[in-house]
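Chemist: Look at Swiss-Prot and you will find CYS12, CYS92, CYS186 tagged as [4Fe-4S] cluster binding site, backed by sequence analysis. What Swiss-Prot records for HIS36, HIS70, HIS120, SER214, SER215, ASN216, SER258 is isopentenyl diphosphate binding site. Positions annotated as dimethylallyl diphosphate binding site by Swiss-Prot: HIS36, HIS70, HIS120, SER214, SER215, ASN216, SER258. Annotation comment: Swiss-Prot describes HIS36, HIS70, HIS120, THR158, SER214, SER215, ASN216, SER258 as (2E)-4-hydroxy-3-methylbut-2-enyl diphosphate binding site. What Swiss-Prot lists as active site, proton donor is GLU122, and the listing cites sequence analysis.
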Amino acid sequence: MKIELASSYGFCFGVKRAIKIAENAGDAATIGPLIHNNEEINRLATNFNVKTLHGINELKDEKKAIIRTHGITKSDLAELKKTDIKVIDATCPFVTKPQQICEDMSNAGYDVVIFGDENHPEVKGVKSYASGKVYVVLDESELEGVKFRQKVALVSQTTRKVEKFMQIANYLMLRVKEVRVFNTICNATFENQEAVKNLAKRADVMIVIGGKNSSNTKQLYLISKNFCEDSYLIESEHEVEKSWFEGKNLCGISAGASTPDWIIQKVVDAIEKF
């Protein structure tokens, strides 16, 4: 059986940047998981003493606090800056962008629509920058019956599917006088999604590696599943099962933006042993 990696996969710019920041900081606490990958979080804790807190209320004797790649809410950031703790911002620049757009458009009198998961930390952070009306949706049907003002701004969670984002944009344009559409889906997300789609079309079995709580990894898995029925989402090599590969000729592999190369290689090694 041949194993083929997607043409684009794994660590994105924002994650690489955040990990380097955490490694350089050392002896610090992150506000929420730095990235959505438990294996890498454990490595940072073991090798660099970077521990994970659930919120700013858990800060006690820490001298350094790292803001996670997904960002935090505007109010939490303000509270954090009131303390004597050194604040190290590892928010991905692609996440900072919709935060700023949300704040600017809201202040300019626009209603704001965010395409994303309202329970995701990135979306919670972006939403907190709106001073006026803001709506978080995963589907245009959720906007039915909403009475917008004359002006609406649309942004997206950075890891969502472009096709769905455009459906929501089209829905708004048919119903609102002025719509400002800001494509805040990051390039790495788009490239990884296109790559997994192209590989899944040819593969007999697909393995998508990443955190089960990772939005971008889930999107990759769903795209893969759409084109290759035998698609599996795993976090580590320990979940790989021999039966998945019986009678298969091509195994495709993709990985989420928070998945390091060392985890991917362990999965490849495990599959090659079958």
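Count begins at 1; order follows the chain as displayed.
The backbone N, Cα and C atoms fix where each Cβ goes, and this holds for glycine too.
Give me the local environment of each listed feature.
Modeler: For CYS92 ([4Fe-4S] cluster binding site), the same-chain residues 6+ apart in sequence whose C-beta sits under 8 angstroms from its C-beta are CYS12, PHE13, GLY14, VAL15, ARG17, ALA18, THR69, HIS70, GLY71, THR158, CYS186.
Within the same chain, residues at least six positions away from HIS36 (isopentenyl diphosphate binding site) with a Cβ under 8 Å of its Cβ are GLY210, GLY211, ASN213, SER214, SER215, THR217, GLY256, SER258.
Cβ environment of GLU122 (active site, proton donor): HIS70, GLY71, VAL95, GLY116, GLN157, THR158, THR159, SER215 lie under 8 Å away, each six or more residues apart in the same chain. In the three-state DSSP scheme, GLU122 (active site, proton donor) is classed as helix.
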Chemist: If you count the other Cβ atoms within 10 Å of each Cβ, which of the binding-site residues SER215, ASN216, SER258 comes out on top?
Modeler: SER258
Chemist: With every protein chain in view, what's the tally of Cβ atoms within 10 Å of the Cβ of CYS12 ([4Fe-4S] cluster binding site), excluding that atom itself?
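Modeler: Taking every protein chain into account, the count is 27.
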Chemist: State which of the following binding-site residues has the fewest other Cβ atoms within 10 Å around its Cβ: THR158, SER214.
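Modeler: Counting other Cβ atoms within 10 Å of each of the binding-site residues THR158, SER214, the minimum falls on SER214.
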